[in-house]
């Protein structure tokens with residue numbers, strides 16, 4: 001009969017080809033908002049607002065990267081093609097959303113700080129207005145990415161397979177991001193090679209960053225089987241405890257060998273140029289070392305409350 005000859009609009013498993021939850025849900029709305037704000041920001045910056053210098057390049061790179069990532073995630077989720085990937089989709093998406101939130105938030109602060117002024121620039125008042133609009137859209141994009149993280153975040157006491165949706169998992173992303181800020185300050189004339197103690201601090205930052213990224217990669221790639229007869233959740237806690245101890249030592253050693261009168265100066269030299277002063281870079285490293293120590297300590301405390309189920313154990 002004619003009705004039987006109609007092509008099927010369902011997939012082999014009996015569901016529609018497109019994932020309705022990816023299109024008609026709060027999570028789908030957040031991702032559509034991310035794409036819309038990202039497209040608007042990139043279009044306005046390239047059209048009129050403009051950018052220059054390393055700060056502008058960072059902002060543009062962050063916006064383009066997040067826009068591309070959101071588009072790919074939305075497309076794969078809507079078409080269910082993510083099932084072809086050998087990764088934990090839930091862990092991957094919440095990790096990307098957390099990373100994008102931090103990148104957008106940083107760009108939302110850096111761009112107006114360096115490019116928005118109350119008076120009109122020599123290019124005209126239209127440029128100022130576009131830059132203000134870029135800032136507003138960037139802030140809205142930050143809220144959209146933050147909304148996705150909030151929607152995907154696991155609740156306390158909940159047994160979850162997606163470790164990256166827990167507080168310790170999200171803290172891993174923040175820790176890695178803060179470490180990148182530290183690396184940027186170290187590379188900006190921090191003079192860390194003057195003393196063996198400051199070189200030790202750099203080794204600590206690099207080692208902790210590598211361990212944190214390793215945990216994230218293992219989780220996203222579903223490699224959460226016992227490590228050397230040690231359950232994965234216990235392996236994560238052991239790594240976190242080691243990172244707490246290492247960062248504690250670096251948070252003490254770095255300020256001593258940078259700001260004590262025997263090795264450096266506790267006050268900013270008056271002859272130091274703005275933006276290229278080693279003392280400023282040392283302060284940034286010291287401050288963010290303490291911040292990351294606090295993040296790792298919080299991670300360790302919250303890790304005691306997480307009941308993690310390996311993805312390989314699901315039926």
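Glycine is treated like the rest: Cβ placed from N, Cα and C.
Remember, TrEMBL labels are computer predictions, not curated facts.
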**OP:** Check each of the ranges 163-186, 259-282 against TrEMBL and return the one annotated as transmembrane segment.
**Re:** 163-186
Subject >> Sequence-remote partners of the transmembrane segment (88-110) [C-beta within less than 8 Å, at least six residues beyond its ends] >> reply: 34, 55, 58-59, 62-63, 65-66, 69-70, 73, 77, 82, 135, 138-139, 141-142, 145-146, 148-149, 152-153, 161-165, 169-170, 173-174, 177, 216, 219-222, 311
Subject >> Contacting positions for the transmembrane segment (192-220) when only residues 6+ beyond its ends and CB under 8 Å are counted >> reply: 87-88, 91-92, 95, 163-164, 169, 172-173, 175-176, 179-180, 182-183, 186, 232, 236, 239, 242-243, 246-247, 249-250, 253-254, 256-258, 263, 285, 289, 292, 296
**OP:** Report the DSSP secondary-structure composition of the domain 'MARVEL' (22-157) as helix, strand and coil residue counts.
**Re:** 112 helix, 0 strand, 24 coil
Original post:
Taking residues 6+ outside the transmembrane segment (163-186), which of them lie with a CB under 8 Å of any CB in it?
Top reply: 90-92, 94-95, 98-99, 102-103, 149, 152-154, 192, 202, 205, 208-209, 212-213, 215-216, 219-220, 224, 233, 236, 240, 243, 281-282, 284-285, 288-289, 291-292, 295-296, 298-299, 302-303, 306, 308
